[in-house]
Amino acid sequence: MEMLRMIVFLALLVQASTLLPMLAFAADADPIQDFCVADGTSKITVNGLVCKSPADVKVTDFLFRGLNKPGNTNNPTANAVTPVFAAQLPGLNTLGISMARLDFAQGGVNVPHTHPRATEILTVLQGELYVGFVSTGNELFAATLYAGDVFVFPKGLVHFQLNVGKGAAVAIAGLSSQNPGVQQVGRALFGSSPPVGDEVLEKAFGINQKAVQHIRNNFKA
């Protein structure tokens, strides 16, 4: 009986040793074919996007033009993000990467947000950006970046970018998912539908109901 228990234990140990690395490195699934160009016309719902037939794939499925054009920063945050995700570049489907151009007018901000499915690496091309992220231990890691500087934001952590220069700023971001997702902290809490209960927000932020309503009004469409 003791020998049988030992054999069962060793078998479970071997099984666990094969599963743990997969759990530790879980991310976008690796492709199992040359490419899986997204079929934007399909109504089938999968974890990702359905593949086109290889016979229908064209070179334009792997090409995106337009990152040389500034985004429109004429908005309350004076910031614009031009994404190049699988929705914009179908050939990215299943490849586990994407990118974006970030434009900032003077004083523009990319408000605190998270990417639940991706790590982000940011390169400043022009201007000065004050950037940072907050760890789960509530420690702020922040720096002022200049043209040529690179900063990384770990997956899922709240982060931000603020233009602190005297003119416009431009940056390019790379992300470790074809669909990194984005959730703005303020809008998620004060602009959700249906709304988060007043009492929750009052206790979370130490504010009264009037202040909650005032902040909510800023997030109305």
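Our numbering is plain: 1 for the first residue shown, then up by one each step along the chain.
Using the three backbone atoms N, Cα and C, a Cβ is placed for every residue, glycine included.
In TrEMBL this protein carries:
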type: SIGNAL; residues: 1-18; note: signal peptide
type: DISULFID; residues: CYS36-CYS51; note: disulfide bond
type: DOMAIN; residues: 65-213; note: domain 'Cupin type-1'
type: BINDING; residues: ASN110, HIS115, GLU120; note: oxalate binding site
type: BINDING; residues: HIS113, HIS115, GLU120, HIS159; note: Mn(2+) binding site
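In this structure the C-alpha atoms belonging to CYS51 (disulfide bond) and HIS159 (Mn(2+) binding site) are separated by 33 Å. Summarising the environment of CYS36 (disulfide bond), the number of other Cβ atoms within 10 Å of its Cβ, over all protein chains shown, is 22. Contacts of HIS159 (Mn(2+) binding site) defined by a Cβ separation under 8 A and a same-chain sequence distance of 6+ are given as PRO112, HIS113, THR114, GLU120, VAL131, GLY132, PHE133, VAL134, PHE153, in order along the sequence. Look at the binding-site residues HIS113, HIS115 and count other Cβ atoms within 10 Å of each Cβ; HIS113 has the fewest.
Cα-Cα distance from HIS115 (oxalate binding site) to CYS36 (disulfide bond): 23 Å (rounded to the nearest whole number).
Residues HIS113, HIS115, GLU120, HIS159 make up the record's Mn(2+) site, and a Cβ search at 8 Å around their centroid adds THR114, ALA118, PHE133, PHE153, LEU157, VAL158, PRO180, VAL182 from the same chain. Around the Cβ of ASN110 (oxalate binding site), the same chain contributes THR77, ASN79, VAL81, LEU102, PHE104, PHE160, GLN161, LEU162, each under 8 angstroms and 6 or more positions distant in sequence. Mean per-residue pLDDT, taken over the domain 'Cupin type-1' (65-213), amounts to 96.
Same-chain residues with CB within 8 A of the center of the ASN110, HIS115, GLU120 CB atoms, the oxalate site residues themselves not counted, are ALA100, HIS113, THR114, ALA118, LEU122, PHE153, HIS159, ALA173, LEU175, PRO180, VAL182. Using a 10 Å radius centred on the Cβ of CYS51 (disulfide bond) and all shown protein chains, the other Cβ atoms total 20.
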